[in-house]
Amino acid sequence: MQILNGKETALTIREELKVEIDGLKEKHGRAPGLAVILVGEDPASQVYVRNKEIACEKAGIVSTAHRIDASVSQEELEALIQKLNADDTIDGILLQLPLPKGLDSQRCLELIDPGKDVDGFHPMNVGKLMLGLPGFRSCTPAGIITLLERYNLPTSGKKAVVVGRSNIVGKPLAMMLMQYGDFANATVTVCHSRTDNLAEEVKAADFVFAAIGIPKFIKKEMVKDGAVVVDVGINRTDEGLVGDCDYAALEDVASAMTPVPGGVGPMTIAQLLINTVQAYKEHVGA
């Protein structure tokens, strides 16, 4: 079985971007700028933000974290977003989710300038994905497509099953797989908690994308021989971090698979860097 190593791939992408950013900085007088908004003290969010800061620093992107107390009002948070929208040194704005109770995350996401929406969550960018128009794509599904490209695993003409229908992963990934291109053009089925005969649907897939949030949900008997399995899940259990797939059991049947950790997670951050550089280039006219 081939291991789809997201950690190594993300490192390669970061090094490539560093070279590109160095050249752009020399030509345009500044580096790309990313603003990250973190509200409250959710431990997982703090780890994610720190990892993003480290990746930005190593790639040459100027990352500014706005750490805000959970008691912030909706109006104050919206004012910060508007301020960042107007800041010409900021190319990307990332609102770390989830927000504490009492804050309207959808309202905040809709306030972000679509040209700075490097997370790809603004309705305008979601709509552009639906229409097949250029725009920012959600980082996790876009990172998955990038990983498949790097390992030359085209989905064109293949049956792909996405297990999970979240707005962050499942829905946008399904839409990306239905676009035109070698690493799209798939026949896509989306499964979820109400799907009848879910195991049968997964068994028919050439590509399985598991994003359901249940530890080791995808079993060996659910996957056909030679399938490519992409595990989006990150679940904390007594045995440590595990994915949505039973990795050890699937090694006997999958032709290629992402590990957890070290698979999709690093690619999400790599795609954030790619999107931020894209936003920067559009802003400076590169």
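A Cβ is built for glycine as well, from the same backbone N, Cα and C atoms used for every other residue.
The model shown is predicted, which means the values in this text are computed figures rather than measured ones.
Features as listed in Swiss-Prot:
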- Gly164, Arg165, Ser166, Ser193, Ile234: NADP(+) binding site (BINDING)
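Cβ contacts within 10 Å of Ile234 (NADP(+) binding site), excluding its own Cβ and spanning all protein chains shown: 17. In this structure, of the binding-site residues Ser166, Ser193, the smallest number of CB atoms within 10 A of the CB marks Ser193. Among the record's NADP(+) binders, Gly164, Arg165, Ser166, Ser193, Ile234, no two C-alpha atoms are more than 18 Å apart, and one pair sits at exactly that spread. Taking every protein chain shown into account, Gly164, Arg165 are the binding-site residues, and of these the Cβ with the most other Cβ atoms within 10 Å belongs to Gly164.
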